[in-house]
Amino acid sequence: RCVVPNCDDNTTHYEENFTEWAIPEGDQCHVWTLKNNITDQCEPDVFFNVTSSCSQWVYDTSLFSATTVTQFDLTCEKDWLRPLAGSVYMTGMVVGAIVIGDLADRFGRKKGILVSVLLFGTGGVISAVSPNYYMFLLMQFFTGAGGNGLQIATYILLVEFIGVKWRTFCGINIHIAVALGEAMTGVLAVFIRDWRWLQLAITAPAFLLISYTWLMPESVRWLVAEGRNDEAKKIIERVARVNNVEVLRHLLDAHNVQFRSVDGTLLLSSNNTQLVSGTTQEAKIKKTVIDVLRTPIMRMRSFIIFFCWGVCAVVYYGLSYNPISLGGNIFVNFISIMLVEIPSYIFTFLILDRLGRKATLSFVFLLGGVACFISGFIPE
C-alpha cells in the first residue's frame with residue numbers, strides 16, 4: 001500500500017486503522033489527497049475525496065522479510081517489470097542449451113559443466129547483491145544459461161558412461177535428484193525469508209562442482225568420437241581398477257579394435273595405429289547440429305521432438321511457477337508440485353522399455369493434456 005502522509009512513520013506497519021479512510025479500497029497505487037495546510041493530523045476529515053499517486057510504499061512483511069518486489073519497488077508503474085525476471089531467466093535457459101550444448105560437443109562434457117557452473121554460480125551470487133533491478137535481470141540471464149547448461153551437460157555425460165542395461169534406469173531416475181533439489185528450494189524458503197540470502201543459499205553451492213574437474217573423468221564416447229583414443233583407454237583402465245575388474249588387453253590393443261557408438265552400432269577400425277592416430281576418413285569429418293537437419297526424415301523427427309520439448313517446457317514451468325495461485329500455504333504447494341514429479345519418473349521407468357518410447361510419450365502427453373483440461377473446470 002501507499003505511504004500515507006501525516007499518518008505513516010518509521011513505526012507503522014502494513015495493517016493500520018487509518019488505511020480505512022486514507023487509502024481507496026483495493027487500490028495500492030493511490031491515496032486520498034490531504035486538504036491544504038494540513039501537516040500534522042491523521043483524521044478522516046483531513047482528506048479530500050480526490051486521489052493522488054504515491055511514490056513510496058509500505059509492504060506486508062508477514063510472509064517474507066524482503067523480496068525483489070519490496071527491494072526494487074516493482075509495483076504500480078513498475079509492475080510490468082515483475083514478471084520480466086522469469087522471462088529473462090527462461091531466455092537464458094534457451095541460450096544456455098544452445099551455446100553450452102555446442103561447447104560440450106566441441107570441447108568436452110567436463111568443460112561444458114565447468115562453464116555452466118561458473119555462469120550459474122557467478123550469476124546467482126551477483127544477483128543476490130545486485131544494487132538495482134536491471135543488474136539483477138542481467139545476472140538472472142546468466143544464472144538461467146548456466147543452470148540449464150549444467151543440467152544438459154551432466155545428463156549427457158551420465159548416459160554416455162552408462163551401459164545399455166542401466167541406461168534407462170539412470171537416464172530417467174537422475175531427474176529424481178532434480179525434483180528433490182527443486183523441493184529443497186521450497187524447504188530453504190521456509191527458513192530463509194530474505195530473497196538475497198535465499199538466492200545465495202541455492203546458487204553459491206554450485207561452486208563445489210568445480211571439483212568435478214579433478215574428480216570426474218571425461219566421456220569415453222566423446223573422446224573416441226574425437227579420435228583421442230589413448231585418453232579413452234586410460235579412463236577405461238582407471239574405471240576397471242576402481243571397480244576391481246579386469247579389462248582384457250586384446251579388447252584395447254588388438255589389431256582390429258571395435259568401439260560401440262552412441263547408437264549401439266559397431267565402428268570397426270582396420271588397425272589399431274590408424275584408430276589411435278585418428279587418420280581415418282570417418283574421424284576427419286566433423287559433424288555439426290546442422291547435419292541432423294539435412295535429411296528429410298531426420299529433419300521431420302527433429303522438429304517433432306523440438307515441438308514436444310516446447311510443449312513440455314510451457315506446461316511444466318507454467319505450472320511450477322504458480323503455486324501461489326492455488327491458495328493455502330505457498331511453501332507446501334511449491335514443495336508438493338516439485339515432489340509430485342517423482343512418482344512419474346518411477347512410472348515412466350517401469351513402462352518405457354515395455355511399451356516403447358513412442359507409446360509412452362503419447363500416453364503421458366494425453367494424460368497431462370486431459371488433466372490440464374479437467375483442472376480448468378474444477379471450482380475455486
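Cβ coordinates are placed from backbone N, Cα and C, and glycine is handled just like the others.
For reference, TrEMBL has these:
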type     : residues : note
DOMAIN   : 46-380   : domain 'Major facilitator superfamily (MFS) profile'
TRANSMEM : 112-130  : transmembrane segment
TRANSMEM : 136-158  : transmembrane segment
TRANSMEM : 170-191  : transmembrane segment
TRANSMEM : 197-215  : transmembrane segment
TRANSMEM : 303-324  : transmembrane segment
TRANSMEM : 330-352  : transmembrane segment
TRANSMEM : 359-378  : transmembrane segment
What residues elsewhere in the chain lie close to the transmembrane segment (303-324), defined as a C-beta under 8 angstroms and at least 6 residues from its ends? 86, 90, 182, 330, 333-334, 336-338, 361, 365, 368, 372
Report, as numbers and ranges, which residues of the same chain sit near the transmembrane segment (170-191): CB under 8 Å and 6 or more residues beyond its ends. 151, 154-155, 158-159, 162, 198, 201-202, 320, 331, 334-335, 338-339, 341-342, 345-346, 348-349, 352
For the transmembrane segment (359-378), distant same-chain residues with Cβ under 8 A (at least six beyond the ends): 308, 311, 315, 344, 348, 351-352
